[in-house]
Amino acid sequence: MIAAVVVDVPSGSVNKTFDYKVPPGLENWAEPGMRVIVPFGPRKLQGFILAVKQSSSVKGIKNITEILDPLPVLTPELIDLGQWLAENTLSFYITAYQAMLPAAMKATYEKFFTVLRPEMLSSEVSVLFSASGELSLNEVTKNHVHLLKKLQELTKTGVLDVVYKVKDKANKKKVKFVSLGNKTEAEELLNQNGKRAEKQKAVISELLSRPPGEYSLQEILHETGASLSSVQSLCKKGAVYIEEKEVYRDPYQGRNIKQTEPLPLTENQQNAITPVLDSIENNEHQTILVHGVTGSGKTEIYLQSIQSVLDKGKEAIVLVPEISLTPQMVNRFKGRFGSSVAVLHSALSIGEKYDEWRKILRKEVSVVVGARSAVFAPFENLGIVIIDEEHESSYKQEDHPRYHARDVAIWRGKYHSCPIVLGSATPALETYARAQKGRYQLAELSSRVHSNPMPEVTIVDMRDELKKGNRSMFSNELMEKLKAGIEKGEQSVLFLNRRGYASFILCRDCGYVAQCPHCDISLTYHKRYGELKCHYCGYKEITPSACPSCSSEHIRFFGTGTQKVEEELAKVLPEARVIRMDVDTTSKKGSHEKLLTSFGEGEADILLGTQMIAKGLDFPKVTLVGVLAADTMLHLPDFRASEKTFQLLTQVSGRAGRHELEGKVIVQGYDVEHYSIQLASQHDYLSFYNHEMKTRKLHQYPPFYYLGLLTFSHLELMQVVEASEKAASFLSKRLSPDSLLLGPVTSPIARVKDRYRYQVMIKYKNEPELRNWFEEIIAHFQKDKSIKDLQITGELNAQTLM
DNA sequence: AGCACGCCGACT
DNA sequence: GTCGGCGTGCTC
């Protein structure tokens, strides 16, 4: 039996399968979708079996070294999907498959020296080899570099050998359990007089007091105050048994989640859910856009659709944006479907993600709630995929494979003949356009549940405030409303739009702005560490006290951060209790949740934060939402700037007045006449859509054209210019007359990590060969020996131009 | 990617 | 003469 294996080398020249013999003992075991270890040249590598067959045209094939999984980790569907994914994102197959699995399953490699002829070793070398008789190369280069040459020599002469080890990052968590053992032994011990072995007695009586069974060792130790050694001696005597068992880490352990029942649907909701239920009932693939205003009860529609899928014995995937994967959101799903829900998001540790994922593989759960990568959940009976806030940019992965979760979901929906539900109050233009064209079904939810009114929005032009002599960052109206809220015991949310408005350092005398020496971007000031940091390459430096350019001391932090707003707020509203949420206050695990819980329990009057508080929050006492800088994003060199502004304002406004109390929103900015701000304040998606579509059509942007993007980067400017010009001329000869070629031009971020970046853009409607041309270009420069170290990435459907 | 093989300059 | 620099090509 022969296995076709893709190996763990992300490189063009090995982006194919290699044939290996399945050793006779493993023939009944090997299956497509399993991870294996195979010899590859002198090394050993992890790989995936993609297919098994009876013969191979390659001669001299080697054996598979080891099979890593008892069951395939990639289903046949995922094997197909991975191929499609790699080809459509111009990624390597191995990269696509690895993206589908939890990081814990990726291999790590280590090289070791082992001793073949110990008698030939000098004592200096011999002492390095521990009892196991091996020594990692890593250890040598770290601590004994001077011996490296000697070791290599010894390898040549056959005294030492080199072995390559493949390890899994996966750690299965083991917990020790104790149970009562030999009863007479135990009783004898208890009957002993005196103070001897007091702790051991305590352990025995604790176990006797409980119903027979196994108990976590940790728990018993905690209850009795005994130490591990006492239990170990009990074990030696045979009075107790200690057993190690594999357990799942449970990130939601000890949490009491109230079970909920399906709510009666409003007429609106009933209309919206009907096409979804029909699609489920008829086993027919449909993509359904549920366009519902904030607070219109989309989640209840999701929950009841899932219920109907589960009733048919099928499984469900729910995608939510990373940032809104809050406990509040998770609880709604756990509350309805209990322990049949697995949760996958980035705040979990590698081990926790691995455990949640294994619950899916072992069919112990039938619902997954997770961020982008959860779209690859290895269900085999998929009945629905729901993408909440489908317009969110976090559904697009920005490194390889550059996939969009929406596209993957639709692929899977076709495969399983099941519905894909896209939910949003502000659908991506592409999505709404498709719904209008009839490629997706459109379900509108135009009013909030219980007919709560949409919050009233007031726009404040900060230029007018300035004219009135108000130089603070809060308008008079916002101040009044904040004060009134505190007096009434209601809560407020203050949202600071920081995108495109990074806090940088500026010299007021000479205009110097601190820049990253490796990237064309200003450094961001982090007050907490007193340092300046580059968001692109991680470069850090100490904040200067004098201007490096003119030595002036008038160099100061510029731009508004949440910290600054908090300080300002303390000055003007000292009585307000404020909770600040931003990357600084939520970096510790669980702190995100803690802050939200205490806000929910009324421990603060104002929740102040960035992007992360814009979505999904649902607090009944929030009646006021203030947006501090609504227009900052509009000036970004991004054709989606208006769309993003509209979406964000709509999302934030939706946090107000979701329950009995009426909501009020105050939007502050300088460029407030802009249609995206005006129309968001009127809750008028359709007008925004029509307006924005005209703009996109005029400028030939999506959804009227797809964006193909080729990005070149190199340490030398000349090289990128030359290469991108060559590529542009190659493409211009081939593109259809309906397509547009733009560039080459410098990328919006012209330099990252010392590398210059140039790009060629293609706007096209139908260009079936574009993928191949991109591949040709990439292959051409890879072969070209006159240009070294040129990096090229190609994207067929770019979401942003950065 | 990483490793070996192999062909040229710098040194004992 | 040998050591080691990195350019080239291969991995079932």
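Just so it is clear, glycine is given a Cβ too, placed from its N, Cα and C backbone atoms.
For A:279-445, the entry in TrEMBL reads domain 'Helicase ATP-binding'. Per-residue pLDDT, averaged over the domain 'Helicase ATP-binding' (A:279-445), rounds to 93.
Listed in sequence order, A:CYS507, A:ASP509, A:CYS510, A:TYR512, A:GLU553, A:HIS554, A:ILE555 are the same-chain residues at least 6 apart in sequence whose CB falls under 8 Å from the CB of A:CYS547 (Zn(2+) 1 binding site). Marked as Zn(2+) 1 binding site by TrEMBL: A:CYS507, A:CYS510, A:CYS547, A:CYS550.
In the three-state DSSP scheme, A:CYS516 (Zn(2+) 2 binding site) falls into the coil class. Taken from TrEMBL, the feature Zn(2+) 2 binding site applies to A:CYS516, A:CYS519, A:CYS534, A:CYS537.
Annotation comment: TrEMBL describes A:542-699 as domain 'Helicase C-terminal'.
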A:CYS537 (Zn(2+) 2 binding site) and A:CYS550 (Zn(2+) 1 binding site), compared by Cα position, are separated in whole Å by 27
If you count the other CB atoms within 10 A of the CB of A:CYS507 (Zn(2+) 1 binding site), including all protein chains displayed, you should get 22
Can you tell me whether DSSP puts A:CYS507 (Zn(2+) 1 binding site) in helix, strand or coil? strand
Smallest number of other CB atoms within 10 Å: among the binding-site residues A:CYS510, A:CYS516, A:CYS519, A:CYS534, A:CYS537, that is A:CYS510
Counting only residues 6+ apart in the same chain, whose Cβ is under 8 Å from the Cβ of A:CYS550 (Zn(2+) 1 binding site)? A:CYS507, A:ASP509, A:CYS510, A:TYR512
Other than A:CYS516, A:CYS519, A:CYS534, A:CYS537, which residues of the chain come within 8 Å of the Zn(2+) 2 site, judged by Cβ distance to the Cβ centroid of those residues? A:PRO517, A:HIS518, A:ILE521, A:LEU523, A:HIS535, A:TYR536, A:GLY538, A:TYR539, A:VAL752, A:LYS753
What other residues of the same chain, not counting A:CYS507, A:CYS510, A:CYS547, A:CYS550, have a CB atom within 8 A of the CB centroid of the Zn(2+) 1 site? A:ARG508, A:ASP509, A:GLY511, A:TYR512, A:PRO548, A:SER549, A:SER551, A:SER552, A:HIS554, A:ILE555
